[in-house]
Amino acid sequence: MRRGSHRSDTSVVTILTRSSSGVSYKRPVTKIRSQKEIQEYKKDIAFDDHLISIDELVKRYGTDVDTGLEEQVASDLLELNGPNLLVAPPTTSKYIILMGYLFGGFNVLLWMGAILTLIGFGISFTQEGSAANIEPLYFGCILVAVIMFSGFFGFYQERTNSAIMESFKKMVPKYATVVRSGNELTVPSEEIVLGDLVKVGAGDLVPADIRLIECHNLKVDNSSLTGESVAVTRSVDCNDLDPLETANLAFYSSNVVQGSGTGIVIRCGDHTVIGRIAGLTSALEKTETLIHKELRRFVRIITVFAVCLGTIFFIVSMLIGYSFFKSFNFFIAIVIANVPEGLPICLTACMSLTAKRMAKKNCLVKKLECIETLGACNVICSDKTGTLTQNKMQASHMFYDNNERSVLANFDNIDMENESYQALALIAILCNTAKFLDDDSKTAIKDKKTTGGR
């Protein structure tokens with residue numbers, strides 16, 4: 001009987017979590033994948049769970065086709081192997097992001113200007129004492145204030161949008177229907193373990209890679225894996241040696257568009273097919289945004305020009321008889337004069353205003369720099385289901401008496417007393433697999449959660 005394996009990995013950050021059944025387990029939060037793991041992900045997917053008989057499969061995973069795993073066994077496996085989820089790569093620390101806003105891009109020049117201004121004031125104060133011009137001190141402090149305001153403003157904007165995006169992930173927790181000890185239970189998807197007997201129906205997401213042992217007109221959407229928009233038929237029979245092509249497997253994150261089925265979990269979390277793909281994408285290098293490249297190039301040009309011009313004035317001042325400190329003040333003044341102090345805060349303000357306008361149109365921007373790139377887009381290609389839509393099915397037309405009638409907006413053009421309409425409505429009510437949850441008794445019908453509705 002396969003129990004899986006668990007090994008300590010210093011590259012994984014975990015937190016101790018308690019399951020719905022009271023079992024404590026380590027929940028991975030982030031994971032740095034090694035090059036060896038990434039190379040393993042690149043290899044062809046090879047396993048034989050779809051080739052062996054159901055009896056062999058049941059023996060391998062210590063389960064039962066009727067009663068599923070024993071609850072205690074499922075709890076032990078959850079504690080041993082951890083949860084069924086895709087572990088995200090580590091994100092950039094918020095402190096590093098803040099430092100990037102304060103010291104990155106054009107702010108390098110502003111810091112240089114502020115430091116040189118304060119140095120110049122220090123030199124002047126050393127020479128002249130209380131009679132020194134205090135304006136450079138004010139100017140240096142203003143530059144520092146501009147940098148701090150611009151940096152914190154951009155950081156706040158990015159963190160606010162990122163927090164909203166993260167809240168979307170927690171808004172609708174994912175659940176799955178499993179059979180354990182002969183009882184049908186609804187559990188969080190992350191608590192599914194190897195060998196679990198899982199039931200799926202129309203409208204459900206497949207909660208793990210499963211070997212199907214029972215199907216009723218089952219079709220799944222594998223677009224998240226293959227990109228194909230056409231639903232594929234699933235069955236209990238193996239029709240291909242390739243696990244990605246055979247009909248008796250359904251994969252984690254696939255959407256069930258029709259029918260129902262029962263299967264045994266053979267892969268969980270990062271070991272699923274989609275988990276391997278996610279592991280490969282985590283190894284991709286992050287490219288620099290266009291605005292970062294342009295800012296770096298502009299800073300380089302301005303820095304070289306300002307320093308060269310300041311050096312020329314410093315040399316000329318020394319040659320015509322000015323003191324070293326006076327000539328150095330000229331150098332500082334020329335460098336600062338070539339620094340456009342208002343540009344960083346102007347850029348941040350413009351991008352923030354654009355982000356706010358987009359937010360009013362229900363479009364959230366995670367990173368302000370992306371706005372500049374977005375302005376160069378002519379066409380945005382996106383999977384509409386669940387991205388541009390809510391992934392909720394809705395009847396749009398009714399066909400009876402040889403006529404098609406639109407019901408997308410309202411039922412004003414429907415004769416409720418028509419016998420054909422009443423017969424069709426009765427069929428629609430009785431012939432479906434929708435189940436209202438027990439805790440929805442006081443919720444409006446249109447807001448009720450349903451599973452497997454069609």
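For all residues, glycine too, the Cβ spot is worked out from N, Cα and C.
If you check TrEMBL, you get these features:
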- 48-122: domain 'Cation-transporting P-type ATPase N-terminal' (DOMAIN)
- 101-125: transmembrane segment (TRANSMEM)
- 137-156: transmembrane segment (TRANSMEM)
- 301-324: transmembrane segment (TRANSMEM)
- 330-351: transmembrane segment (TRANSMEM)
Selection from 137-156, 301-324, 330-351, the stretch that has most Cβ pairs under 8 A to the transmembrane segment (101-125): 137-156
Cβ-Cβ under 8 Å with the transmembrane segment (137-156): same-chain residues at least 6 beyond its ends: 94, 97-98, 101-102, 107, 110-111, 113-115, 117-118, 121, 336, 341-342, 344-345, 348-349, 351-352, 368
Same-chain residues at least 6 beyond the ends of the transmembrane segment (301-324) whose Cβ lies under 8 Å from its Cβ atoms: 108-109, 112, 330-332, 334-335, 338-340
Counts of helix, strand and coil residues, the domain 'Cation-transporting P-type ATPase N-terminal' (48-122), according to DSSP: 45 helix, 2 strand, 28 coil
